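Under the heading domain 'SAMD1-like winged helix (WH)', TrEMBL lists 3-81. Per TrEMBL, domain 'PWWP' is recorded for 351-389. Sequence annotations record features per position, and here TrEMBL assigns domain 'MYND-type' to 647-682. TrEMBL lists 499-523 with the feature region 'Disordered'.
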Amino acid sequence: MPIRRAADPITVQHVWDAIRSAVLQRQMADSKRIIKYLQRVDNCTYAQAELYVQQTHQDGLIVSDRALQKVTKTSKGDLVDSFRIPTHEVPPLDGKDWYCFECHLAGDVTACQQCFRVFHADCVPNGRLKFQEYKKTNILYDQLSKSGVKDESTSNSVNSINISSDSDDLNASELSTYKFNNNGQMKSDALEYDETLCSMCNVSKLDDGCNLEKSELNYLLKFVIHRIQSWLPHTLTHTMAQQERPEWLTDKELSWRANQLFFEHRDMSVIEVNLNNESYTKLYQFLADVLTIQHNVAIFHGIESQEYGAAELMIRDCMHDLTELKLCVDCYRHSNEKINAKWFCLPCRVPHKLVWAKQKGYPYWPAKVIQETSTHFDVRFFGGKYERSLLIKSLIKPIETPQSKLQIKTSSAFNKAVEELRFHQRLMQNPDELQKLISSSKNRVRSLNKQRISTLKKSLNSSLEVKKRNSFEMNDVYKFEDNPFGQQNLSLTHKRKSSFCEGSPVSKKNSTSSVEKNEEVHNTSDSVIHISDGEDDEYPYYDYSSVSNTNYNGSYEQVSSSTENYRFQDRSQENGMQQLDHPYSDSVEKMRRRLECVSDKKELIKCAMDCMQSEIDQITNNHNDHLKRLFESHNAQISEIKKKQWCYNCEQEAIYHCCWNTAYCSQSCQQQHWQAEHKKVCRRKR
């Protein structure tokens, strides 16, 4: 097995940092100086640091030169090896990666026979484990054993496992998505792991692509990418924490390092381009690109970094959505599109079995069967939040069973669930009614989009008019107080400016006031694809034909100063009645849509209280996050201040040290304090 690269990627970057630091200090980057830097950063021994330098030089990632080093000005000097960073933009390529796809480190690797990936011989069991997990999911029975459900006849204490739609561990309790042959065995049982191939090439033999057309597959995968893209920064070489970088670590330097370390460049923007071009034909191709992103993150930031932890969570969410997509394509599409308030009632191409299912503490409830085994049923209930549950077979009754035999105590929630069940059955029996419902929903989506486009055009025109007016009137800060029409135009422009940003890929960082940021969040929320498994009772209507042209931006929102919008606050107080022209916020609009679906008075009050409570919780969480960021920032500033020395005379930052607790910023302060009092108490030895 050849050694494609000997030095691990994190060590290589530390060697580069040592060279850049020496050059910045106008010093020679010799081996001793680099080793000393590595010992300080990596907490390694001298022998280990020396080995790291040798391996990096062996990989061709640093270049050595013979230079003359003088110990003193009068000495002749000695020839020593100094190191510099190579100037080539791209390293020599031979079609294979340099780092193991499983552990993301260098060393003795085996090249895959079908793709660019490489792997260690010791990492083959990890690849085999991925293959087996993808091949047949036995996680269900592991989850049942942990929960105490070993067998129907031996365990009656726990009859069901509730799997709510917003559970983070839903992926751990999914049923198998693989088809069976006539003998009751999995078709993939005959496939064995090929150790000459990487884990992804082995997984590719199991993927059937969900039997979807290419356009539909790429359309559905856009929901997945929108769900997982917020885990990582928009640029993989950037860190998640807002921290200062060294002077030499510029964006150009980060891009150059990525070219040296990444064999296959993949990030969210590349995947979005592939989705827009409909490049994916199988699910494993999309999964391979997402895993390549994780591989690049591990190479650049290390497996112990915060970024790699976020990448693992990204893979978890991706696997969850792909599993849901395999279970039922139409259910996944309906739950994400939500083109109608009764999206759960829309029938699927492969009709689900309808049953009465009993959850612990509840009566029998109408539900769809998502997946079924010989002992358990994976069901999703009608009504409410469309909760998910995994039940044993004895708790399932056919839908033909009369309600009188089930001894059900009716309630408003139960009646709503039964109403949805009847509507679902009616849509299955009457295709014309289904087509009419879908067409009406699409027409409503189009009308809302036309309103949104007209609003954007008006906002653009008003903003251009105000810009032209402001270009001629430079001293117009107080002129609007005598001109109500001019003041109204300014306030309207201020309110609508964020609407213009809705259709552009401009980052939130370009916003200049906190008021515009808040309104930008409300306005742009109409164009966001909400990924959900059915836990929301909100039914937004979106136009998903424009998903392919969406440019996602993963930048982080910054906290603005509290005095930035002082002028706008004063004017809004003077003309408070003008705020009535502002359209409803998203939260009010969502509450209105939810209340329209409720007829009972008690349910109406409960729905309104739930909406208010959820909005209060969201505001509280945002407030707590803001306070936490401020607290961390203040602590960091206090820590930096404590590490500095201050002038005893004028309390400016000091650069001249006198004695144990006295320092000065300049010689003048030192002379003033010395003559005044310090010469009597100074402890400096003379």
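Keep in mind that glycine also has a Cβ here, set from the backbone N, Cα and C atoms.
Annotations in TrEMBL come from automatic prediction, not curation.
Mean pLDDT, taken over the domain 'PWWP' (351-389), works out to 90 on the 0 to 100 scale.
Here the domain 'PWWP' (351-389) is broken down by DSSP into helix, strand and coil counts: 0 helix, 23 strand, 16 coil. Counting residues 6+ beyond its ends, the domain 'MYND-type' (647-682) has no Cβ neighbours under 8 Å in the same chain.
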